[in-house]
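What follows is a set of notes on a single structure, which appears directly below.
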Amino acid sequence: MSDSTYKAGFVSIIGRPNVGKSTLLNRILGEKIVAVSDKPQTTRNVIRGILSDETSQIVFVDTPGIHTARTRINRAMVDAAMTVVTGIDLMLLVVDATQKIEETFIKDICSKAGAPIYLVLNKIDQVTPKEKLFTVIEGYTRLYDFPEIIPISAQSGSNIERLVDLVREHLPEGEALFPDDILTDLPEKFIVAELIREKVFRLTNREVPYGTAVVVEAFAERENGLVAINATIMVERDSHKGIIIGKKGVMLKKIGEQARRDIERLLGTKVYLELFVQVQERWTERTAMLRELGYE
């Protein structure tokens, strides 16, 4: 196939928190590179996932959920999400098909768009009765003239291939933007930290996960092929430290075991993971700390 017919471009994935944006990206790539949990605001950074084949390269840009920001870290997350609304070739606006249509939010996003917007109706497997889906689609059709409305289930994979095909058709012709053998331009240490943070979100409750961050302090491959990783889970309060460690260290061990399994799948090798917990009071409001962690 000639280079002139090769397609490549940037596609942003935006939407409210907890609508399934990160699950969608992981499903498209066939690999977990983004932290996922049932708690909103799990994603904090702009994350690029790269899907390449013989005909095209799609650079998906996953963003933090757009929400009302009350803390410095939340403001940084929303700023990051809105930054990628411009300068891309296509936008995928992901909404939860089971939730009420947010007219003001949809109109606001569409008015700021600098590229065509495809509406992605996620969680269609949870819509009951199934006939209700037609009513949902009609509601969004009245709001904005979307070139495409694609019902999907990121969890089950339903209609994902159709979505990717439609995205690919829209891309401009051009050369690949990244090497064709990578899934993301993020360093492995970042993804490892994300996988650990995901387990904190999944296994702890209330405000605890929102005041945590993970820093990978050491990442080294030994002669026997084993990868040794030391990581620190930062929290804002002593009480949170106690919750994450758990009685007799049970919770920290559980976080470590589940994270290690995901990291081993990611790296394709055995992993030795050692976790520490450190208190950094009000780190979510400290500009220098947020910048160091890559949130600003």
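The backbone N, Cα and C atoms fix where each Cβ goes, glycine too.
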- Query: region 'G3' per Swiss-Prot sits at which of 2-5, 54-57, 62-65, 238-241?
  - Reply: 62-65
- Message: Need the matching range: Swiss-Prot marks region 'G4' on one of 30-33, 122-125, 158-161, 282-285, and I'd like to know which.
- Response: 122-125
- Folded-back contacts onto the region 'G4' (122-125), same chain, C-beta under 8 angstroms, at least six residues removed: 19-20, 24, 94-98, 133, 151-156, 158-159
- Determine how many residues of the region 'G4' (122-125) DSSP places in helix, in strand and in coil. 2 helix, 1 strand, 1 coil
- Message: Which one is it: of the binding-site residues Asn18, Thr63, which Cβ has the fewest other Cβ atoms within 10 Å in this structure?
- Response: Asn18
